[in-house]
Amino acid sequence: VGFKAGVKEYKLTYYTPEYETKDTDILAAFRVTPQPGVPPEEAGAAVAAESSTGTWTTVWTDGLTSLDRYKGRCYNIEPVPGETDQYICYVAYPLDLFEEGSVTNMFTSIVGNVFGFKALRALRLEDLRIPPAYIKTFQGPPHGIQVERDKLNKYGRPLLGCTIKPKLGLSAKNYGRACYECLRGGLDFTKDDENVNSQPFMRWRDRFLFCAEAIYKSQAETGEIKGHYLNATAGTCEEMIKRAVFARELGVPIVMHDYLTGGFTANTSLAHYCRDNGLLLHIHRAMHAVIDRQKNHGMHFRVLAKALRLSGGDHIHAGTVVGKLEGERDITLGFVDLLRDDFVEKDRSRGIYFTQDWVSLPGVIPVASGGIHVWHMPALTEIFGDDSVLQFGGGTLGHPWGNAPGAVANRVAVEACVQARNEGRDLAAEGNAIIREASKWSPELAAACEVWKELKFEFQAVDTLD
């Protein structure tokens, strides 16, 4: 009765340019590169179909449900400027397609099988609009920016961090010693590298103990609250939570997770534990470039950043704009706003395809890390502002006099930049002069300035705005 077997074009069902999006729809912007001979309407409709209710042929069970209620719809297609065969296809998904509070389920639908679809040469998810109705089903960050500042009693400046190097091979005691030197020199945080988990040369429990000792000793000496991102990432969720429990028992303020390699289910579980037990959660994005670096295939980091804000994390690495790792300024500032702000307007010049309302979900502090040193401090302070963590690994530990003087140099530099900014000086124009002035009364900063005066990482960004 009305069931007609066979294959029909996707666009007959899933391309609906007259559709008016609802406030409750999840909206997606895909960069679609169709195979030669496939019209953009068919390609866009195929994406909508394969990431929602469709399959390659008509099935009789379609008659048992309301397709109009549940299908994804490609409602707009724009050619990409300067490209002959690329299109931005906008797809609207009804909210009922997704399990509440599950980033895992959201991604399984939207970026699941469709990425292997033969009719497409390449496919990239550029942005998502998450509706308030769906956001409200997530806890989000365990604490958020304001609560973190209150817990740490640190206001009015960027926070300073340092990744302990060499990233692998140190014993737990030597590792703790390196943390202590950095913290007593003036840093707020030290950090486990993302691949430090629990290896034969340094088991996790030993590391946690010696790092806790470093935290308490440096706090006693400086009168400031200190932290070390203890990486709780593990082979199973149960083991990860066990490590977080031990961190809580030690009384340290913050733990860490590699959210892409660990997975969103594990990350959300850890974020819930952290909120329930007063731990801050630092998130590392190891593996992100596998997904987000190619311009025409994969998923843009702004989508991974939004997903993290839903899943939960208090800090996330967000590129530097000035260091050794990929990140164009306008694009980076676009997703930094999406991490921190309550409401972000659509702004294609910064890669933001949709207006996003976060309806009181706490913000995430962006972490700038990777190939940065004291000469970058004015630019970083200007670009990222106060609600950020500036992380100098080699830029602290590479100081010719050792870790503590390296930490002193960074602390003096950031305090000088904040003071200059507060006095109304232009950090972009006067940055080098500000650092030079400060180095006159800080021999540690002067030595750091000398070591890194010529160093630059200058390559063209791969992922640029159209």
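Just so it is clear, glycine is given a Cβ too, placed from its N, Cα and C backbone atoms.
Per Swiss-Prot, the features are as follows:
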MOD_RES   K4  N6,N6,N6-trimethyllysine
BINDING   N113, T163, K167, R285, H317, S369  substrate binding site
ACT_SITE  K165  active site, proton acceptor
MOD_RES   K191  N6-carboxylysine
BINDING   K191, D193, E194  Mg(2+) binding site
ACT_SITE  H284  active site, proton acceptor
SITE      K324  site 'Transition state stabilizer'
| message | Give me the count of other Cβ atoms within 10 A of the Cβ belonging to H284 (active site, proton acceptor). | response | 28
| note | Listed recorded positions N113, K165, H317, S369; those within 10 A of E194 (Mg(2+) binding site), CA to CA, turn out to be none
| said: Can you name every residue in this chain, apart from K191, D193, E194, with its Cβ inside 8 Å of the center of the Cβ atoms of the recorded Mg(2+) site? | reply: T163, I164, K167, D192, N195, V196, Y229, N231, M256, H284
| field | Separation of alpha carbons, T163 (substrate binding site) and H284 (active site, proton acceptor) (Å) | value | 12
| message | Can you give me the same-chain residues 6 or more apart in sequence from R285 (substrate binding site) with a CB-CB distance under 8 Å? | response | D258, Y259, L260, F301, L304, L308, I316, H317
| Want to know which recorded positions, from K4, K191, D193, are within 10 Å of T163 (substrate binding site) at Cα; which are they? | K191, D193
| remark: Integer Å value for the Cα distance linking the residue listed as 'N6-carboxylysine' with K165 (active site, proton acceptor) is 10
| Which of the three DSSP-derived classes (helix, strand, coil) applies to S369 (substrate binding site)? | strand
